[in-house]
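Read the structure below first, then the notes.
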Amino acid sequence: MSVVQVCARCAARWPVVGGPTQWCPRCSGVLLIPTRTEIYQPPNRRGFRWIARSPSDPRGVGDAPVRRSLTTPRYDAVPQWGLQDIVDTSPVPPSRADRMADRVGPLLTLATILYGLAVFAELGRYAILVRNRTTLIPQWLLTVSDAAVYFTQLGGLLISVFAAVAGVCWLLRRRREHFAGGCESDPRTASEVVVGCAVPILNLVMPAVYLFELVRRDPRGTLLVKIWWGFWGFSALLLVVNAYWRSRPGIQAMADGVLLNAFIALVAAVTAALTLVVIRRIERKSWRGEPESESRWVPVPRSVLEEKTELDEKETAAL
């Protein structure tokens, strides 16, 4: 009974004497598991397979032994241990919410203009009603007046809805940037902010609370938010008064309702303008959206002021 080990590199057979070995004495290749030569074993159980090679193939028996360097191993460069943190520097495209937040300024400006025009349209309609008491009004003038009122009022309402959506997107982004600048996380979730700004009655209080959390260290910003909050609540009250006034019968009530609509449009225009002012204040920008120049106050010694006063007096006396 003969037990041999086959080399995985040079295919040489080595008899097993005493115990199996690991390395081939000829080429230092790995020896496979011991096998019996007199017992047939299927190929899938041998642990190796025979491969026919041409005599010119350099692999196999003719392989030169591996030459090992006798010098001290050294690094060609300073080793850097650990995994490489490859940062993706490609620009990230803005999300849909960020693109909507960038439009809050133009939308609020357009809403302010439309509501301002609505004030003049309502006043023009009231003037036509007063004139119609003694003089017949041409039909084309009535058509133009009605078209101006509908265009400005409905257009202002539609733009205000889009501005409100853009304002919520801006508020979410600004809160995220504000708390990230202080290495903190926003204590309120995005869904909580959206619900507070969208649900009726809640949206009379919570938007101001969210803004106050952004201007806690800015006295001027806090004052602007308080003024805006007052106009915001007053505009909601005017909507309730307008709904009640429309239910009153009579021509005089309808005429007074025109003046009330003009006043409501005026308050809406002021509220939209104040909203834009508050946003620009929180962003540290002017009302045009340009970055504000920072001022630096430097204390001046009293002696310098006295010297300047003396020089001014001498120049005045010389003149």
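From the backbone N, Cα and C atoms, a Cβ is placed for every residue, glycine too.
Taken from TrEMBL as is:
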TRANSMEM  104-128  transmembrane segment
DOMAIN    133-284  domain 'DUF4328'
TRANSMEM  148-172  transmembrane segment
TRANSMEM  193-212  transmembrane segment
TRANSMEM  227-245  transmembrane segment
TRANSMEM  257-279  transmembrane segment
Highest-contact recorded stretch vs the transmembrane segment (257-279), from 104-128, 148-172, 227-245, CB pairs under 8 Å: 104-128
Among the ranges 104-128, 193-212, 227-245, the one whose Cβ pairs under 8 Å to the transmembrane segment (148-172) are most numerous: 104-128
Intrachain residues whose Cβ lies under 8 Å of the transmembrane segment (193-212), provided they are six or more past its termini: 164, 167-168, 171-172, 175, 222, 225, 228-229, 232-233, 236, 278, 282
Stretch-averaged pLDDT - the domain 'DUF4328' (133-284): 90
